[in-house]
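Working notes, beginning with the structure itself.
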Amino acid sequence: MARHLITSAIPYINGIKHLGNLVGSQLPADLYARYQRARGNEVLFLCATDEHGTPAELAAAKAGQPVAEFCADMHATQAKIADGFRLSFDHFGRSSSPQNHALTQHFAGRLADAGLIEEVSEKQVYSNADGRFLPDRYIEGTCPNCGYDGARGDQCENCTKQLDPTDLINPRSAISGSTDLEVRETKHLYLRQSQMRDQLNAWIDSKSDWPILTTSIAKKWLNDGDGLQDRGITRDLAWGVPVKRGAEDWPGMEGKVFYVWFDAPIEYIACAQEWRDAGKGSDWERWWRTDKGADDVRYTQFMGKDNVPFHTLSFPATILGSGEDWKLVDYIKSFNYLNYDGGQFSTSKGRGVFQDQALDILPADYWRWWLLSHVPESSDTEFTWETFQQDVNKDLADVLGNFVSRITKFCRSKFGEEVPSAGTFGPAEEALIADLDRRIAAYQSHMDAIEIRKAAGELRAIWVAGNEYLQSAAPWSTFKTDPDMAAAQVRLGLNLIRLYAVLSAPFIPDAAQTMMTAMQSDDWSWPSDAATALAALPGGHAFTVPDVMFTKITDDQHADWQTRFSGTRD
RNA sequence: GGCGGUAUAGCUCAGUUGGUUAGAGCAGAGGAAUCAUAAUCCUUGUGUCCGGGGUUCGAGUCCCUGUACCGCCA
């Protein structure tokens, strides 16, 4: 039995995410996790919330809550939404957990011992009114280049010129508006990634099977300009993991915390400890320590393309630099962006569909199916209500839902609500079985390779094969002349429903459960061959006719949602 | 400005190491059937494969160049 460690990029805590955040990491990771479990493999599927940093502090302030309380509430909210989408995390952790605090400090200590941490003094803008240092982008002022009044300390969004905060004319705090700013000297820790460039380069080079999107981004950061740059891993903030060297205090670093990009990926490991501590498992090290049983684990990460540098370089640098036997990622599946109706999803402009709204208007399976079958694997993908309506109605309601409906209702009217026993399979049935064997093999190989769109296409073709068979076998016709043959045809059709439940469950778990329940079965075993799988429900086995599985999206709903989620356009 | 990605049928996309008349789903058109959520099934593609050069016996596929969109970095 193979063992799969699977992680999804961890979503930031500052608010409810839109669909773009779902499709780029959590949903495909869930698909893969469900598939591997279905194949009988051992899976540990982890995700968490990324809770530290300035945006979280500001979001909490805006909500009028202490930041710890805000994060706890928002974590619960995101966990509820994840559950709504049927994301099957073995544990949904928090980067603010005590486990992550300790582990982050541990890694910092190991890296320091290995000579990979450097203390650097630098000048940063301090706001007396806010009582804090301000990150570059939280300083606003007049652009020295174009005169735009709302330029940020990192870049003027009017003329796109890159800036230093000290370039701004009449700088002010973006948080309070205060102009009582001063430049102060402060000391920070830098991770000397540049020292590990050759090691990282060789590691990336060894990953010839990774998606081009993943390796090209990594190589660019390794080789661009002066090569991989050292990065600051601490900040002058209150909310975060306090800087410590292992369990020891770090002289000169009092009151500082680690920067989010340092502690967030470490949460992947800490999350396994949380999982253990929550009583969901007994041994987390056999998943994460190659010297303690994780040698045979295959570790796959899922993320949007914006997260690739941290996962290909920074986090591996942390792990390799520690000198300990931590598990490195085996395969990184990265995704492009999902666009919304001619533009980008925008949190600030309220453009696009947010995850809670999506679940309010339609069941999870509708979203799961459309998003996964259109997942942006090779380039950005466009969401439009028109294609969403068309595709979901066609694939789920017409092709799959109607198949279940037509065969169960036909059987009920002619043979009653049990699988008919009479008749034997002929050439048409054998041909279907051979076709299914080929298609299931193709489906598996696409799923094994995490080629999601291809897998979705093959699954859809498997649904279509059932309709093709019924159409040519025409039991409603044979019933008049040869009821026994009709019985055999219906028996095959009913067994297809159970097989579809098994094969479809990774994509649409709720509908799969509906199908399985209707067939009054609990046999979720993955098919070894179609002939055997289609004999699972013998003659005489009782079933029920399920309610309509997928109601169609109407034109009125389409129009209503198109308007409601358009947001404010400029 | 530097780098990377993308550009294939009305729409969403496949096209493996260059090799025969460029494919799939949806939409459109025609037909069959009537068990079913008016659902299904069959038939139907005259596409300057973004433009322009080049390499090659042969390029959607490689090289150069231009254009458009997206992203990352400075």
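Residue numbering: from 1, along the chain as shown.
Glycine residues also receive a Cβ, built from the backbone N, Cα and C atoms like all the rest.
Record note: among A:24-28, A:204-208, A:344-348, A:344-348 is the stretch given as motif ''KMSKS' region' by TrEMBL.
Residue ranges A:11-21, A:143-153, A:297-307, A:473-483 are listed, and TrEMBL annotates A:11-21 among them as motif ''HIGH' region'. When DSSP labels each residue, the motif ''HIGH' region' (A:11-21) comes out as 3 helix, 2 strand, 6 coil, counted as helix, strand and coil in that order.
All protein chains included, A:C143 (Zn(2+) binding site) registers 22 other Cβ atoms within 10 Å of its own Cβ.
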